[in-house]
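Contents: one structure, followed by commentary.
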Amino acid sequence: MINEVKNGILYFDGCDTVELAQKYGTPLYVFSETDIVNRFNELKKCFIERYENTRVAYAAKAFCTIAMCKLAAREGMCIDVVSGGELYTAIQAKFPPEKIEFNGNNKQADELAMAIDYGIGRIIIDGLQELSLIESICKEKGKKVQVLYRITPGVKSDSHDYIVTGKKDSKFGIPLDEHVIFPAVEAAIQSEYVDFLGFHFHVGSQLFDNTSHLQALEIVLFLINSVKERFHYDVTELNIGGGFGVTYTSEERKPFEYFLDPMMHRIEEFFSHLGIKRPAVVIEPGRSIVAEAGLSLYTIGSIKDIEGVRKYVSIDGGMTDNIRPALYQAVYAGIVANKADQPKNDKVTICGKCCESGDILIRDIDIAEPASGDIFAIFSTGAYGFSMASNYNKNAIPAVVLVKEGCDELIVKRQSYEHMLQNELVPESLK
Ligand code: LLP
């Protein structure tokens, strides 16, 4: 268990959270190395070791720092990046180039050039113009790159509307209309600048039901068969995305096998029936690797008990370090870290310090009676918290600490005001 209560204090991966808050200040993101490694190990056991010719590409968008890239590399993982900035972070971490995959619906020429220069393993092409752009860059540089096409399988998954991506009406992927997909496949097969490996889909995020993955799989298998028939071309790689749901409050996390086993059985059955070698299968989990490995620590400040209405407990962070409640109505759990064994008999609303009424992190939660100066911990904030943080109201981005079995190490310094302003210039007329 990474969460433990000792002497009334919440411990996280063996570290006293109140001491962490004192040592590094708040707000603070804390990540458990043990939990991240456990997740990778689960995937090694139930996927990489169980099924040959498979890979895990950690979706860096969930939490992308040099240290996290190094951790993923050390654990033998591949990585999925979606921007020049994420790619640059991976490069700074000396991530093996052939283990990097590049996703994104509007990759820029300079981002693609950086990827091609570094020699990355795969580019997942998301639209028809992208192939020509890649070809012109490769031509200029005298290089060749391996590519897949991200397709829009046209399936609907059960999650927040902003994080479902598989339906046809989506900015992601290439729609499967015959006059669109087949010419695109033909062009990639014939191109002298790319090696066409196969297809990619990603149906959505925070999913607890494997139906949409399995539906998308059927569609892509049908496509693979059509490509074989039309072009006598056997794809060698299939990327089935991420999206595996995690526990924020009471949701029960499904084991990876729940998604992966039925998909792998279907894939193996399909290719043995077709009489061709099964392609490599790649998954891109992001949230399911880091969400529960992250804990946010805050200091409680102002407390306003509006009689008969609501008790607002303000913390020193908010939507700038965790936009998910405001953006997706995401629900989180938390406790007063220094009163972890006290009865939770005070119903409060945990709000941030931004000038925004929607800056509420947790609505109506029962906690131990809070006081100014207490440390408040919010669980499962490891995915899409730090990576979506902003400087709204010129709040600084918090520090990040990596903990492991009682040891702690700073991996991202707290942003300073100087750092926040370092790119700002004063025009001559205002000097
Ligand atoms: N692969 C692709 C192509 C993706 O678009 C995504 C997520 C993933 C993999 C990783 O999905 P995961 O395993 O993390 O569910 N900011 C939102 C989530 C956006 C997800 C975008 N794509 C949130 O905080 O819920």
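Cβ atoms are placed via backbone N, Cα and C, with glycine included.
TrEMBL entries are annotated by machine, without manual review.
Record note: TrEMBL gives Gly243, Glu284, Pro285, Gly286, Arg287 as pyridoxal 5'-phosphate-binding, and the candidate from Tyr118, Tyr149, Tyr384, Tyr392 in that site is Tyr384. Taken in sequence order, the recorded positions Gly243, Glu284, Pro285, Gly286, Cys355, Tyr384 that lie near ligand 1, meaning a CB under 6 Å from one of its atoms, are Gly243, Glu284, Pro285, Gly286, Tyr384. Counting only the Cα atoms, the space from Gly243 (pyridoxal 5'-phosphate binding site) to Lys61 (N6-(pyridoxal phosphate)lysine) is about 12 angstrom.
Between the CA atoms of Gly286 (pyridoxal 5'-phosphate binding site) and Lys61 (N6-(pyridoxal phosphate)lysine) there is a gap of 7 Å, rounded to the nearest whole number. Using CA atoms as reference points, the recorded positions Lys61, Glu284, Pro285, Arg287, Tyr384 were checked against Arg324 (substrate binding site), and the closest is Tyr384.
Among the listed recorded positions, namely Lys61, Arg287, Arg324, the Cβ with the most fellow Cβ atoms inside 10 Å is that of Arg287. Pairwise Cα distances among Gly243, Glu284, Pro285, Gly286, Arg287, Tyr384, the recorded pyridoxal 5'-phosphate-binding residues, top out at 15 Å.
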